[in-house]
Amino acid sequence: MAVMWALSFVVPLLVAATIAALSLGAGEARTRARELVVQYAWLAVVPTGIVASLDDGALKTVDWMLFGTAIRLDEVGRPLVLLAVILYGIALAFVPRSISERPAGLNGFLLLCFTANVGVFVAANLVTFYLVFAAMSFLGYAIVVHDRTTSARRAGAVYLVMTVFGESAVLGAFLLIASEGVTDVLDVPAAVAASDARDVIVALLIIGFGVKAGTIPLHVWLPLAHPAAPSPASAVLSGVMLKAGIIGLLRFLPLGEGAAEPLWGGLLVTLALVGGLLAAVVGVLHDNPKVILAYSSIGQMGFITALIGAALLEPAIAPAAIAAAVVYSVAHGLIKGALFFSIQVWDLSRAPTWAVVVPQTVAALGLAGAPLTAGFIAKYVSKESLGDVALPGLPVVALADLLPWFAVGSTVLLARFAIAMSRRSRRRTAGKPISTTAWAVLALAAAAPVWWLATGFAPPLTVPGWFSPGPVVDQSWPFLLGIALALAAAALARRPRFRDARLLHPRGDIVPEGDVVVLLERATGGTMRGVIRASGVLGATRDALVERVRRGPSPMPTVSGVQARLGTWVVSGALAVAALAGALLFVVLAGGGG
Amino acid sequence: MTTLQLFMYAGAFILVLGVAATLLVRDLIRRLIALNVASGGVMLLLLALADRGDGEPDPVPQALVLTGIVVMAAVTGIAIVLARRVEQLDDDLEEVEQ
Amino acid sequence: MNDDTVTVMSALPVVLLLTSLVPALLIFALREKQTVLRTTLNLAGAIAKVVLVIVLIPRVVAGEELRAEFTWIPGLDIVFVTDTFSLFFVALSAGLWLATTIYAVGYLEGSPNRSRFFGFFSLCVTATVGIALAGNLLTFLIFFELLTLVTYPLVAHRGTRAALRGARIYLAYTLGGGVALLLGVAWLTLEVGPVEFRAGGIPEVAEFAARDPLTATVIGAVLLLGVGVKAALFPLHGWLPIAMVAPAPVSALLHAVAVVKAGAFGIIRIVEDVFGLALFAELGMLQALAVVASVTIVYGSVRALAQDDLKKRLAYSTVSQVSYIALGAALLSPIATAGAIVHMVNQGFMKITLFFCAGLFAEELKLSKVSQLAGVGRRMPVTSAAFTIAALGMIGLPPFAGFISKWALGLGGLDAGQPWVIAVLLTSTVLNAAYFLPIIATIWTSPRSESEGSDEGTFPAPARRSGWEAPASLLLPAVATALFVILFGVAAGWDYSPWVLAQIVGEGAWP
């Protein structure tokens, strides 16, 4: 088992290193060898898939690495690892024919991200987690900025700034946790619950992992990064990398331990609800399908964060909430990945339009939570896991009743996505049938693994039957309401009176991508300029002080003046001799002793 | 004030005078002379310390002073040569600049 | 130096010194044209030193201590001792000297006065090793001053007006520090007699401090002032950015190995092996040192943000990073002590890699400013990769070496009951990221046309038959040190890794 794990980490690293080595020189043979490696790079994820399916869940340690590295595959990690294997595998297969240039570089970095991402899901102690989390975050920069356009570089810069702050917060939290004497991840929630610095730790964890998970107001990098990155990279970003933030919250927050946390739980839930609303409202004002999907991800991540917040509010529901969060993450990952891949398939594949639209529609329905889809199962499971939890300030409204409104927002967003996609032209330049088929299978069959997963978690989770009327009605009304709203908006937009209304025909110019990011950019720019100016001022002050000291009152003129006058004073010689004589006399008379 | 203290204060005073002049004066030969004055002050100090006990004067500081005289002679010789060389180079530099 | 170390009289410490002293003296006698002989002497000395160190490490870790002593004046001895901490610093110096020698041979090819340069270069390492092996304050002082004197010609090597001015300012600062050190050492020896370094503090000093705490505090402050100039503590750091006029190998050596680390080494020796941590804390000096170190950490990073000149930015980064060592030494926790000691090695390797890469950019493409580095990643990928690795290590990201020291310092701060250390560390991390990440982003992602002062669209192609991006003698040391940066982080649990050795050394300070 340990050997298999070593292989599963080493193989992608080796393939990436091979790609790097083959890129260094020039020459026909090298380029062709590199293309071959890039074509089959997706095979590198297979060892991980195998070991994740077969592993027994025991702790495996490497004592000589860093401060002692340890991994363990538990029931929270396993589904996510398998999700990563599927999405990264398809992404690696999609890259060689994608629109972006330099597929070799993209594949290399995707492989590295894959290793780090899987590491996040299996890390068993604090240092290991921080290692892979930081690695994944900074490698993410490489895939966001891959196309090197101006917008990609801007997205990359915003991503980096947010990541640095997130990493620092996580580091601070981890140091505080480590000082409690805990290293194993399984012991952390109890230690945090019992710690004196609990509030500080929880705050830092929420900030640090919130950046990754797209929690408002730390979500600003998401809508910039997704359109800038190539489609396979966006798929992986939304599908798997955001889940790293979720697993951070799941592993390290004191869920189910000790007393409830009304403050933090309430905060998380509020942020999640606001995020869901914001995502829907701002997302429909955009035109670029990737941006719309990005805002959809923000909303969906908010949904999962709401589950976590509820677990903080009511520790009794924690096991069910955690399980529901995992199920929802897997469902969202599979479907969102499929939707992002579908953009590339639409653009490049030579398959007929109906063959692309059908899986796309099925996936979209899944996201909205229509019956018979993965989303249906995930949303039902989540709703049931919440029980009667309510917001601290509003005991009347049960959280479980607020969640379906997320589905309304998702449906509206997906309707907008459909419109945006329909306006997009199909270039049909390249496309391998095999990878397109793999994508279609992913989109159509996403419900199966999710249902299997949900039933695997059975004790804390109540899984819906496929055709039981109660759940179907419960899940259908938000979806139908969303469709109704979308149709109403479309009908309104067609009326001649509103032909030119910007609000009804949004082209992404009402709210900029990343909404608040413009303010943040200005603030950061201002701060940087201020700090640089302060630094310059410090330097100038120091130099001025040194100059003042150097040019200060010099005794030299006085001394030279005195010297000159003494030197030319005729009497000075005689005085010197007299003084000498006096001293000698004194010495002789005083007896010379003592 | 005992003789010992007188010598020590005088030595210290001359030392400080010499060192200050070495650091502050521009001209190289004057600096050299100031350094010699400073060494004179040090020697005075050492000789005073030689007499600090009750019995015979301590021979070690006296030996150090003798060594110091020899060292200062050698240092002054080298310094004069160096000063001449520096002034020569400065003259060359001025010629080149003109 | 605890009770179960076996002390053996041996000439090996002196031999360690001679491996660089003898080549130095021989190289001074060589003519300019005798390149092969000079390079051979250089490399022979460097390799001999490294081999000796490798032979000695297992013995010293097992508890054996070598000692050599000479009497200078009756009552004052010159003592060389190889305890774990000495050998740690000697190992760092020897390893980095070898790398820098190879680099310098390539960098200075064809320039004048190479015999003079390499002579003083070897003397510089001799002085550093002397500082490392010093067994008492007197020996330490002698070699500390020697280091000042032999680094002056290196800083002034180019001979230009700016170089001479920079060297003069450097000399003014370091000689001033030397005077303070002399005062402190003489005063302390006067009060307690000639004493040797002892892990955990010298008992006579503790007695003296019990008798007269005020004088002990003043002596401690003066000693720290003396070594603090070389260790670039605020506000004594002014010489570092100015000494950047030196050629790249000198900057690399000064800022990674010799001068700055000697200062940091001195701080740790004084705090732990002269006064002892507990005594220093009682006198209140430990808190003062912690505050000064923290101020330096933030100040250095803030100043670094504004610098466009690459070497100046790296210089201010050094000012900030060396104070991590001082901060670790100022915390009452074994983890913090170990963290400070391991940061000597980690920061040394990371900084030297950065300076090697800066020198490579300057030599190959004449680039010295950050704004000029746009798009260099295409033309010099290996150099840029080494730079990226070292820079990410400086920010403190795992699995690079810098993370090990940062984590240890953070834990140490909490262990010592000073949680504000975490705030300082996090601020410093963010600031480090602020001035390193833009460089990395520019190097890899910016198109060439955005660089200042670039007329053509691309860089000139490599001018050598092998097609490599830069001369091998410059590139290989950079790659080697970058690999060590990765290795020291990833394999930190290996029996002879710097982290494990640092923990052994740190334990010694807590008897």
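Each residue, glycine too, has its Cβ placed from N, Cα and C.
Feature annotation from TrEMBL assigns domain 'NADH:quinone oxidoreductase/Mrp antiporter transmembrane' to C:134-431. The annotation transmembrane segment is assigned in TrEMBL to C:6-29, C:41-62, C:85-105, C:117-134, C:140-157, C:169-190, C:218-240, C:252-271, C:277-302, C:322-342, C:386-408, C:474-494 (among others).
Ranking C:41-62, C:117-134, C:252-271, C:322-342 by CB pairs under 8 A with the transmembrane segment (C:6-29) puts C:117-134 at the top.
Through the fold, the transmembrane segment (C:218-240) approaches residues 144, 147, 169-170, 172-174, 176-185, 187-188, 191, 255, 259-260, 262-264, 266-267, 270, 274-275, 280, 283, 285, 288-289, 292-293, 295-296, 299-300, 315-316, 318-319, 322-323, 325-326 of its own chain, all at least 6 residues removed from its boundaries and within a Cβ separation under 8 Å. Beyond the ends of the transmembrane segment (C:117-134), by six or more residues, the same chain brings 13, 16-17, 20-21, 23-25, 27-28, 38, 42, 45, 49, 79-82, 86-87, 89-90, 93-94, 97, 101, 104, 108, 140, 142-144, 146-147, 150-151, 153-154, 157, 197, 249, 253, 257-258, 261-262, 265-266 to within a C-beta distance below 8 angstroms of the stretch. Here the transmembrane segment (C:252-271) has Cβ contacts under 8 Å with residues 85, 89, 92-93, 96-97, 100, 103, 121, 124-125, 127-128, 131-132, 140, 144, 147, 151, 154-155, 174, 197, 220, 223-224, 226-232, 240, 243, 246, 277, 280, 286, 289, 314-315, 318, 322, 325-326, 329-330, 340-341, 344, 347-349, 351-352, 355-356, 359 of the same chain, all six or more residues outside its ends. When Cβ distances are compared across the two stretches, the transmembrane segment (C:322-342) makes no contact with the transmembrane segment (C:169-190), since fewer than 3 pairs at least 6 residues apart fall below 8 angstroms. Among residues of the same chain six or more beyond the transmembrane segment (C:85-105), those with a C-beta under 8 A of the stretch's C-beta atoms are 16, 20, 39, 42-43, 46-47, 49-50, 52-53, 56-57, 60, 117-118, 121, 125, 128-129, 131-134, 199, 247-249, 252-253, 256-258, 261, 265, 268-269, 273, 341, 344-345, 348-349, 352, 356, 359, 473-474, 476-478, 480-481, 498, 501-502, 505, 508.
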